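Input: a single structure, listed below in structure tokens.
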Amino acid sequence: MKYKRIVFKVGTSSITRSDGSLSRGKIQTITRQLAALHRAGHELVLVSSGAVAAGFGALGFKKRPVKIADKQASAAVGQGLLMEEYTANLSSDGIVSAQILLSRADFADKRRYQNAGGALSVLLQRRAIPIINENDTVSVEELKIGDNDTLSAQVAAMIQADLLVLLTDIDDLYTGNPNSNPDAVRLDKIEHINHEIIKMAGGSGSANGTGGMLTKIKAATIAAESGVPVYICSSLKPDSLAEAAEHQADGSFFVPRAKGLRTQKQWLAFYSESRGSVYVDEGAEHALSEQGKAC
């Protein structure tokens, strides 16, 4: 088994209809694949958006709301409905699912970070599938672009996953926008994320979600620097999860850093909040940049 512990991330557009409402058929396609991988012995985590999509209709909104308060209210209703769909589908295959709602503060505070990691480890050991989302109802920052892409990368690094798979309706990473540029070429393998790669990513490509290819590239950076390989591939294919798990997906693969950052450096680099200032002389600057320490 090449990748035992896998984090899958599905965005809102991957589990909704064209009108923005939840698609039970798309969710069933995802859970069917998760169940098959679970039976094969994989340890699985699902980071799923979709709470707003699941809830706005129940509150009487005709379309996906725009105002923050309306989104948060929709998420409060929709998170339970979203979990109900996942739980019903997975339990029919004898799989226990667990809901975990996280926010930026859970990563910034080291004790909460360690507690979350401990809970996830127990769930995986007990063969449950944790289903994770941002805490949309109380977190304003979460509703901005990049939420669950970044969250999935942070979770993958936290639990030392063997693979992160970002499922999207935007088909892989190209050198340009394939919808407007017929000469755009798909990038199958990315060994280093540089400024050119970031430029290629562009902006959001979906009307129903909050993230685009650029947020996925940023998420891939976090995971790859932490030693976790990353796939970006289409959620529209019936066996996309299984293909990614076997390293056969028709998508863009990001090669991880050979020696991933240790847990302490991960936390400092990606999760902790910067406060105050530190001034160093030229000698210390050279030692820190070249050797990673000044003593």
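Backbone N, Cα and C define each Cβ position, glycine as well.
Within the same chain, the residues at least 6 positions away from LYS9 (ATP binding site) whose Cβ sits under 8 Å from its Cβ are LEU46, VAL47, SER48, ASN148, ASP149, LEU151, SER152, LEU164, VAL165, LEU166, LEU167, ALA219, listed in sequence order. Taken from Swiss-Prot, the feature ATP binding site applies to LYS9, THR168, ASP169, THR210, GLY211, GLY212, MET213, LEU214, THR215, LYS216, supported by sequence analysis.
According to Swiss-Prot, the feature substrate binding site maps to SER49, ASP136, ASN148, an assignment based on sequence analysis. According to DSSP, ASP136 (substrate binding site) is assigned to coil rather than to any helix or strand.
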Collapsed DSSP category at LYS9 (ATP binding site): strand
Among SER49, THR215, the one of these binding-site residues whose Cβ has the fewest neighbouring Cβ atoms within 10 Å: THR215
Integer Å distance between the CA atoms belonging to SER49 (substrate binding site) and MET213 (ATP binding site): 16
Site diameter for substrate, Å, by largest Cα distance between SER49, ASP136, ASN148: 11
In three-state DSSP terms, the structure that ASN148 (substrate binding site) belongs to: helix
Nearest-integer angstrom distance between the alpha carbons (Cα) of THR215 (ATP binding site) and ASP136 (substrate binding site): 18
